[in-house]
Structures are given as structure tokens and as C-alpha cells.
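As given in TrEMBL:
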BINDING   131, 132, 133, 134, 135, 136, 137, 138  ATP binding site
COILED    383-410  coiled coil
COILED    496-537  coiled coil
DOMAIN    28-368  domain 'Kinesin motor'
Ligand SMILES: Nc1ncnc2c1ncn2[C@@H]1O[C@H](COP(=O)(O)OP(=O)(O)OP(=O)(O)O)[C@@H](O)[C@H]1O
């Protein structure tokens, strides 16, 4: 440990280690995941464990489990139970994964402990915990008496390092604690009647006007403060957590350090954010006040998600202004800040969707790069700087003198004319205030409308740009002729450049609109502060604005959706074309003994992936009745099957209507009778019964499709294994194969 450091040498950490990587610009945010132990309800009701921690950095979501035997007609079947959804079996990698047995101390050591050195170097740091209700966010952040959370542990480390440095530096330390509830910022240390307003300062970043700053001298003071603040925090029981925090809590520590020898001052801010639950409405019981609450939580978390997406994609425009939370966290995400995100999940299948969403969210956040710099206030300004400042001040004095002289002349003129002087500064008459507010809101709505329109255009352009980028890289893999490749590449680059130019213009407009909007917002705030009677009118107008914004955001999503479905169709067609191109080439190469083992393996892998990804999936979304998934099948009878399948899908279309609206069993039987030859139909009678049962139970389009394929397969017994394997599952295919033999 280095104790005799004379100054804040830029490249050395507090323990003398090189901290270049930690303080360099462009570092990714650190994302860790904590899996909490199962609670009594989860263990009591026999829920499955869907999160398995593989090692310190990897976890498996919804892993394959040792299958419970599945019997059909008294015979144990080897394949998976058709009635069960296949497991996702997904691997997720993070900077650190904490298993259920990990305690708060362990989480602290591997997530926030290192931040203190960075903080002491004068860089801002942020920690935020994310997860569904009851996933363990507050437990991680605050803990309890026996096991204090990372806020206390991090502050204890801060005081420890401060103590070590007291001979070299003077410290000033203050904390604030606030919550964002229903899009209002409230002071938790000294609750005020009305919500606090956010102000943006070009030097100090986002500030909360009127927030209480409390000095603390030791970590024990903190306990008291946090306890006091938490009593004021908005909590309501949810179905998933009896003491659910329904607001986002932001604890901030401001540090000013002055190096005694050089006088150099560094400012740093540590923010610790306990986000409200990210669960779906159903988990909290979506009624009444809980519904409004949930909608606001979702609004801010959606806005946070959008910011994370924009930052992860490296977009220039990040929609921080979409919610109070994102405005507040502007510094903490991707800006001048070292950020740690702790995603909390439950291991139980009871929270399957929420856990999956949290893991996806966290994976996305891993891509964000921050742009960190030290907040050094330079005290050693040279003489030329002072001269410049003095000159500017002199200029200002001169201007003020001139202004004073001209107003004096105006005054004398008024006196001479015996008329009352018109005031230079606009003071609004109280009776005119409602009209003034209305005018401000009109201007606000106009600008917001324009902003939302531009935002939609920007999102669409961004999406198109991404697609063009992807096409460009695909082209390099696909083209064999270098001239063709160059030509295609040039064309695409031209389009990309044009799109980028358009996008940059939009970003410029968006930025200037943001400034206008911020200016109007401030004027509105000032007006409402001056005349509290206007609060109701302002809230009503704000509702209109929110409504309008939601309408535009919905339209934006619809637009992107449309583009995505067009893209999906194009890719589907492309896949089909590639399949039919690849298949004959495979046979030609194979026939001429030119197929290498590697090529064969790649081909088989590709086929396997097509089978796995396109066919065996029990997606709840309507998978439709198209046979395109089977068209990727590579068998000798494929060409013969295609027209039949097409016809089948048409037939199934009518069956589909019958099946979904009346009786699924009738649908399956009808379909089988329609597509099967008499003898295979007879042979398949038992399987038909089986599938009918499945259809009855599952009633999913995919099962209906499987039934159709089985019928088709019965006409082409040779193709049975490959087709049924893909569209139904092992059990059915094996069963049918056995029957047919
Ligand atoms: N790692 C853990 N070890 C032991 N108990 C835990 C752990 N994580 C959470 N719990 C317990 O689970 C319950 C819910 O946790 P917590 O209140 O932290 O959830 P939350 O994510 O903050 O929920 P909300 O968003 O609803 O506030 C609490 O009783 C807490 O003590």
C-alpha cells in the first residue's frame, strides 16, 4: 500500500496501482447479476429453478433438466414430453454472477469496492440495482441491521480511504437522498410539500433545485440518515413483495477534495440508485393507484431501456428527456461516469418472464461505453487568464452603465411628458397568469409535437441505417467476384452516408428542440412556483402533453414494427432461396467427391440450426400455417413435397378457422382425412388420436401444423423422420416411425 503519495498523480490509483483502465474514456459499464435464494412461497409451491449459476461469470437460464419419464400406452418414451415447452437453455455472461449463497459483503467486494478509488481520483461513479419486484434490489442496496447493504459498505470504504488520505487532502462530504415517484422528485431527508425540479447546468450536470444536502462525518451517521429517508420512501405491498418500494430511490454523495500542497481541487459524485420493480403489471395487481404507479414506473423504466439501447448502439441522440428518472441519471449512464449495474433475479420459475427480461436488459447494458474524465478544478490559473476575466468584467460594467444611463434618460422623458413609464422588465399581472400559462403550454405542445415527429424519423432512420450496415457486412461474405463486391459496397456506402447525413441533421434539430423545451419547462415551473393556484391547470395541460407524447411514441413503435415485418419477410424469402441454391450444390460436390469433412460438418450444423431455431418452438405467438419452416428441410423428396405442403397449408387454412373457432379435435381429424391416403390414414389412426389430444390440450397453431406434416409425411414414408422430427418432436417422429415400420 502506498501511503506517501505527494499529490494526485493522474495515472496512479490510491494503492499505487495503475488505474488507467478504470479512468480511461470509453470503458464499458460493469454489469453483475445477483440471484437471490428461493423464498418460502417458491419452495413451498414446488416451483422449478430456472437460473443456475455455472461459474463466477456465467449463468444458465432455463437449463435442460433431468427429464421426468414420459409414458405413452404404458411405454416409457425417450423423447421430450410434447406437452411441455422446450427449455430455453440459454447461457448469459456477465462481469460477475453471484449465486444465492452470496452475501452483501461479497457483492460489495466484487461490484462497488473498486469504485471508491476511482471516486478519489475525481471521477463520478454510479451504481444502480435493477430487477422485478421482490428480486432483492433493496436487500442488496440497503440490507438490514445484521447484513448491511452495499450503500453502507461502500460508504464505509469511502470513509476508510478518506481517513488514509487526511494528511494530504482536505475533504468535504455531503449526501442527499431523493425518490422519483409518479414522475415527481421528492426529498427523502426533508420532505417538502411540493415536488422538486430538475435543472441542467453545463458545468455541474443535472441538479435538483432545493434538495437537502447533509454533511456526514462517519458511516454510522449514514445509518440514521438512510433509516430516516427510507421511512419517507413510498412503499406499498405487491403480490410479490409485502414491502415493495414503488419509487426509484437515489442516494448521492458529493465529495470535494483539496490537495493541501498544490491547492488542486477535485469534485466527485457517487450515486446509488435503487430502481422500482421492473415487473409486468400482473405481478403487482394492476388496479387503481397501483396501476397509475405501475404505469409511471414502466414509463421511466421504458425510457431507461430506450436510453440504454441508444447508448449501446452508439447513437448520438439519447432520449434522456423522456422521463424524470433518465434526466436525473443522464450523468450516470454513458456520460462522465463509472457505472455498475446490479441486476437482481429470482431463481424460481414463478418469475420466469421477469427474470428473462432482466437478463436481456442487463445484457444490453453491457454494451454501453462511458466517457469518463476527472472533475478537476484548476486553482493555478495563470496571469493571462485573470487579465482576460478582468477585461470581460470591465466590458460588462460598461454595458451596465450604458443601460442604466439610457433608462435614466427614458425616465426623464416620461417625467417630462407626465406619463407613467412603461416597465422594461415584464412583470405578469396575476390575472393574466392563467393566460400566460396557457400560452406557454401551447408553445410547449407545439415544440413537443415537433420533437416527437423528429424523434420518430430519427428512430426509423437509425433502424434503416442498421439494416444497411448489416447488408453491407453480409455482402462481403457473399460476393465472390471482387468487382461485383466493390460495386455493391460502393452503392451501399453511398446510401449509408446519405442516411447518416439526414440523421445528423435530425440530431442537430432534436438537440436544439430539447433546449427550447427545457427553457419552456423552466418558465412553466417558475410561473407555477410564483402562482401555486395554477398547479391544477398546469397538471391538466401536462396530461394533454403526456397523452400526445404517448400517441406519437405508439405511432413510432408501429412504424418500426412495420419495417421489421417487411424485413422479416425479405429475410424469410432470402433463406428459402439460399436453401434451394445450397441443396443442389451440396449434391454436386458430394457426387463429385469434392465435399470436405469441414464443409459437410458446416452444412449439417446449419441444417441443425435451422431445425432447432425454426421448427421446434412452442412460441405462444401465432406461428401461422405457412410451411416455410419445413421448406428449409434438405431431403431428396423436398421438391415433391413442396407443392403438396403448399396445398396442405391452404387446406389447413380453412381447417385453422374451423379448429380455432369450434373444435380442435374436429380440425385435426378433418385435416387428416383430407390429406391422408386411405391406408396410411388407417395406420395413423392411433397417432391421429394422439395428435387430436395434443391439439385439444395445447390448441396451438404449431401443433396443428405438425399434424398436417404428419399427414404429408404419410404419403412419403421415406421423408418421415426428417420432417416429423422438425415440425413436431422426437417423441412423435419415433412413435410414427415405429408404427409405420
Ligand atoms: N440475497 C438475499 N438473501 C436473503 N433474502 C433476500 C435476498 N434478496 C432478497 N431477499 C428477501 O426477499 C424479499 C424481497 O426483497 P427486496 O425487498 O429486496 O426486493 P426488491 O427487489 O427491492 O422489491 P421491490 O421492487 O418490490 O421493492 C425481502 O424479504 C428480502 O429480505
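Any Cβ shown, glycine's included, is placed from N, Cα and C.
Nobody curates TrEMBL annotations by hand; they come from automatic prediction.
A map of TrEMBL features onto the structure.
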residue	record	Cβ within 10 Å
131	ATP binding site	28
132	ATP binding site	25
133	ATP binding site	25
134	ATP binding site	27
135	ATP binding site	27
136	ATP binding site	23
137	ATP binding site	29
138	ATP binding site	23
By a Cβ-Cβ criterion of under 8 Å, what residues six or more beyond either terminus of the coiled coil (496-537) are in contact with it?
194, 197, 199-200, 316-317, 321, 428, 430, 433-434, 436-438, 440-441, 443-444, 447-448, 450-451, 454-455, 457-458, 461-462, 464-465, 468-469, 472
Where residue 137 (ATP binding site) sits in the secondary structure, as DSSP reduces it to three classes:
helix
